[in-house]
Ligand code: THU
């Protein structure tokens, strides 16, 4: 028997410690929560992607009466970014969420598994690390790439 330990590293920043570009992106993710359509969960998620050419694309969760037909903020944002700007890598993705009382979460929201898989595809597609900023009132988590969120991931190379 062998044991494999996979470590992930993340940094936690105070909002004031972020540089101007990261603050702008986090602000855009927070603003995007206002455009969420979440009449069922009352949980409003926003995401903002900064592309390689500095364009910022935002998105939010979009729910549906047929629950599984809705889509998370992360995938809404990445699918739009990748379809509108197919030649631009996503440099950084910021994510924020508000609860049913309209308050930003104290601790960052960890993206769901399906969104992590889509993030991984975007990172692999452009062969460019995608930084992730997870906004929480108590601190902002920074992950250097999607691998840090989804270790031992399934990707196209597994099918070779
Ligand atoms: N949601 C997101 O938008 N992103 C996540 O990473 C987790 C969950 C949305 C989906 C649904 O509209 C609501 O939050 C409650 O699950």
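Any Cβ shown, glycine's included, is placed from N, Cα and C.
Because TrEMBL annotations are produced automatically, they should be read as predictions rather than curated entries.
Features reported for this protein in TrEMBL:
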type     : residues                   : note
DOMAIN   : 20-157                     : domain 'CMP/dCMP-type deaminase'
BINDING  : 61, 62, 63, 64, 65, 66, 67 : substrate binding site
BINDING  : 72, 112, 115               : Zn(2+) binding site
ACT_SITE : 74                         : active site, proton donor
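Residue 112 (Zn(2+) binding site) and residue 67 (substrate binding site) are 15 Å apart (CA-CA, integer value). The separation of residue 62 (substrate binding site) from residue 72 (Zn(2+) binding site), Cα to Cα, is 7 Å. Considering only the binding-site residues 61, 62, 65, the residue listed as 'active site, proton donor' has 61 as its nearest partner by CA-CA distance. A C-beta separation below 8 Å, combined with a sequence spacing of at least six in one chain, links residue 63 (substrate binding site) to 37, 38, 39, 40, 41, 70. Ranking the binding-site residues 62, 64, 65, 66 by the distance of their Cα atoms from the Cα of residue 115 (Zn(2+) binding site) places 62 first. Straight-line distance linking the Cα atoms of residue 66 (substrate binding site) and residue 112 (Zn(2+) binding site), rounded to a whole number, equals 19 Å.
Candidate binding-site residues: 61, 62, 64, 66, 67. Those with a Cβ under 6 Å from ligand 1, in sequence order, are 61. You'll find the Cα of residue 61 (substrate binding site) roughly 12 Å from the Cα of residue 112 (Zn(2+) binding site). Least crowded of the binding-site residues (61, 62, 64), judged by neighbouring Cβ atoms within 10 Å of its own Cβ: 64. Rounded to the nearest whole angstrom, the C-alpha distance between residue 62 (substrate binding site) and residue 112 (Zn(2+) binding site) is 15.
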